[in-house]
Amino acid sequence: MTMFASLTSKMLSVSTSDHASVVSLNLFVALLCACIVIGHLLEENRWMNESITALLIGLGTGVVILLISRGKNSHLLVFSEDLFFIYLLPPIIFNAGFQVKKKQFFRNFVTIMAFGAIGTVVSCTIISLGAIQFFKKLDIGTFDLGDFLAIGAIFAATDSVCTLQVLNQDETPLLYSLVFGEGVVNDATSVVLFNAIQSFDLTHLNHEAAFQFLGNFFYLFLLSTGLGVATGLISAYVIKKLYFGRHSTDREVALMMLMAYLSYMLAELFALSGILTVFFCGIVMSHYTWHNVTESSRITTKHAFATLSFLAETFIFLYVGMDALDIEKWRFVSDSPGTSVAVSSILMGLVMLGRAAFVFPLSFLSNLAKKHQSEKISIKQQVVIWWAGLMRGAVSMALAYNKFTRSGHTELRGNAIMITSTITVCLFSTMVFGMLTKPLIRYLMPHQKATTSTTSMLSDDSTPKSIHIPLLDGEQLDSFELPGSHQDVPRPNSLRGFLMRPTRTVHYYWRQFDDAFMRPVFGGRGFVPFVPGSPTERSSHDLSKP
């Protein structure tokens, strides 16, 4: 009888727990719907955008739950870095690579890598040195060198979503490409830096250890990129050879989604950078795999990946907003609010300083290497790039939770101060800087119609957005050139030609290699699956008529 009563009580507790989870999920889905509807209604608002809308709805919901629970709880779900890195981040980064306008991205690849990789290291260094200088005077806890370096990596991670939602990539292709590309590379670099700092022995620092650290850093970068490219090529080869669309387009779509996610999980399995891997997997898939599937599969995958990315971004901002009022973490700093405000202010100042320390110098160096005025970064564009990287978001939150909590909970005062300061910086930068983004960009970058050649180069109504343009310039390079450039791409037959036109030289040899070796094996642009009853068959039949 006692055993039966014990079993019954356990079943009731499980049932109650399941019911609470169902209620939480239902409310969260309803909040997501509200974010989409309200964000759409406020789309033309001067100050608001979808990210800020989701954040405010999350904060408001947290306040309501806090009042209902009488100060005991403020969120439906506890922020988990595992949930963020495993389920929410992959679709966002993959879609970024899948939809990227590759011509602009690779045209500015060196500048993007300089901003995203070198700039992140510079920003991390300045934030770490500033934290060492100021935090020891505030007596917030005992932090070692590894902790300070981790703080630098945490706050070097930017979140440029608010700026990208305002910029128009057809009107300002150069600026959009730089902000977008830097954001992806910055996230990857920050995570790689953070993981390297966590796993590296910092007790014995010398020149050999420093070179080993740099070697590991570049090793992760190159291997992660290679894994993403390899996974994308495998998916292209399999779909090209097996003609899944002959039997079912569902299999094509399913395989593309699973291969994309597999690339990220393989990177995590081998302790590489999943962000870089899935990003380059997306680029390769859009260049080869996407062209190997049927027309219906192309439309489906384009919208499916974009929808998953949009939902994940909205979920993250809603999630962060609700978790910002977590009572457990704020209780530790309730006795010294001045210290918490001081830490947050110092971090925000260091973020702004670290950002300026590389954006303007690297832009100056980039302009020295550019020949045409249209390719140079103007001072107004530099200000927008600097501003776009001031906001901090879910990556910083996830890294902070990983470093300063255990299973989402913290027991040390210093760790609690760092968590609450991270939340404060993320909320302040996203809401204040995010609300000022639209007016700032409208002031600095008045709406100007792109030139005819640029617009035609970057968009095509007959094909899905951003996927029309082939990798590293395709066959259309000759007919779509920026004003002031040569109409065709001559064969670079000398070292002087490479030094004078390095970008075009790389494009030329890439096109030769792609056409001769890659496309015959992996398909891509020009490969059209012949599926009975499909639009492909009908168009082919129409073309065959006299």
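Cβ from N, Cα, C; glycine included.
Look at the topological domains in Swiss-Prot: Phe105 and Phe404 end up on the same side of the membrane.
Within its own chain, the transmembrane segment (265-285) has Cβ neighbours under 8 Å at 85-86, 89-90, 93-100, 102, 105, 184-185, 187-188, 191-192, 195, 220-221, 223-225, 227-229, 231-233, 235-236, 256, 259, 471, counting only residues six or more beyond its boundaries. Below 8 A, the CB atoms of the transmembrane segment (305-325) and the transmembrane segment (112-132) form no more than two pairs separated by six or more positions in the chain, fewer than 3 in all.
By number of Cβ pairs under 8 Å, the transmembrane segment (345-365) is matched best by 112-132 from the list 22-42, 112-132, 219-239, 416-436. If you average pLDDT over the topological domain 'Cytoplasmic' (403-415) in this model, you get 74.
Within the chain carrying the transmembrane segment (219-239), a Cβ under 8 angstroms from the stretch's Cβ atoms is held by residues 117, 188, 192, 195-196, 252, 255-256, 259-260, 262-263, 266-267, 270, 272-285, 287-289, 292-293, 521-524, all 6 or more beyond its ends. Using DSSP to sort the residues of the topological domain 'Vacuolar' (366-381) gives these counts of helix, strand and coil: 10 helix, 0 strand, 6 coil. Annotation note: Asn292 (N-linked glycosylation site) sits in a helical segment as assigned by DSSP.
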